[in-house]
Amino acid sequence: MDENKKRALAAALSQIEKQFGKGSVMRMGDRVIEAVEVIPTGSLMLDIALGTGGLPKGRVVEIYGPESSGKTTLTLQAIAQCQKLGGTAAFIDAEHALDPVYAAKLGVNVDDLLLSQPDTGEQALEIADMLVRSSSVDIVVIDSVAALTPKAEIEGEMGDQLPGLQARLMSQALRKLTGNIKRSNTLVVFINQLRMKIGVMMPGQSPEVTTGGNALKFYASVRLDIRRIGAIKKGDEIIGNQTKIKVVKNKLAPPFKQVVTEILYGEGISREGELIDMGVEAKLVEKAGAWYSYGDERIGQGKDNARTYLRDNPQVAVRLEAELREKFQPAEAPREAGDDEEKE
């Protein structure tokens, strides 16, 4: 660059800093790129699939799937992990359906959890924005986008047609929220539901669509698709769901990874079940017929007994988890990958 251009650029940068503050514009080479801060999800498999060890702070995350697939369970376990690390968590319950007894079973300290049950979508998003701007909350969960009902719809008649109202509300809120989320380093998780598109579909195109328009798809750094794929039985009794979680979008690591984990009723994601499955995959746990062995010790006949053994011997589970993390998890979080999408 010639001297005249350099002087003009220096003058422009100086003017920008005077008007908007130091750091408004910077050279990428001058900025130290730090590893992304994360909040673990409570699922070792998912933490590894995300590539960064958890859900990234200072970002928007969307978790969507069919009913009873484990969306709220996953977010409550992330809240429990955040609280264990000394963080503050908020849950905006637009569905008015949070069960504090179940949350406590998943490890959430319900006495310290900030809970809001707003009347309208505008109120819910305004509360979320105020909590984010306080810079004192580590994770804010909004359950769910479908329940963020615009004020005009609540005040109107039952049959009123108000097309695009919720999509406009989400688009406006996310434009306002994203800058504050980055500055305050808060993780904001939106839980979303699925609907079916009505009309003729192109071959190979999915008829499923998430609620609340397209804005959230663009603003989210991570999108997780969670689905129940089978039942876990103990004899004839169903004790949980086999669940597939797919990383549909990831701006911080390679996307499209998927994991199959177990969600047990009243317990949440089975940590011991994940350790056994990953141990077998990594050849740290040996499976001979129905028997599972770790090291020189047999830990159980059948997965259920092996799971019980690890639960009763936490020191063995901790040792196995440490070995698995060393084998599967990258030494450091990767730098942020480029993103081709443009925000609308």
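Positions of Cβ are set from backbone N, Cα and C atoms, glycine also.
Residues annotated as ATP binding site in Swiss-Prot, with sequence analysis given as evidence: Gly65, Pro66, Glu67, Ser68, Ser69, Gly70, Lys71, Thr72. DSSP assigns Ser68 (ATP binding site) to coil in the three-state reduction, placing it in neither a helix nor a strand. All chains included, 11 other C-beta atoms sit within 10 angstroms of the C-beta of Ser68 (ATP binding site).
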Listed in sequence order, residues not in Gly65, Pro66, Glu67, Ser68, Ser69, Gly70, Lys71, Thr72 with Cβ within 8 Å of the centre of the ATP site Cβ atoms: Ile226, Arg227, Arg228
Other C-beta atoms that fall within 10 angstroms of the C-beta of Gly65 (ATP binding site): 24
Cβ atoms near Ser69 (ATP binding site) (within 10 Å, other residues, all chains): 23
Of Pro66, Gly70 (the binding-site residues), the residue whose Cβ has the fewest other Cβ atoms within 10 Å: Pro66
All-chain count of other Cβ atoms within 10 Å of Lys71 (ATP binding site): 21
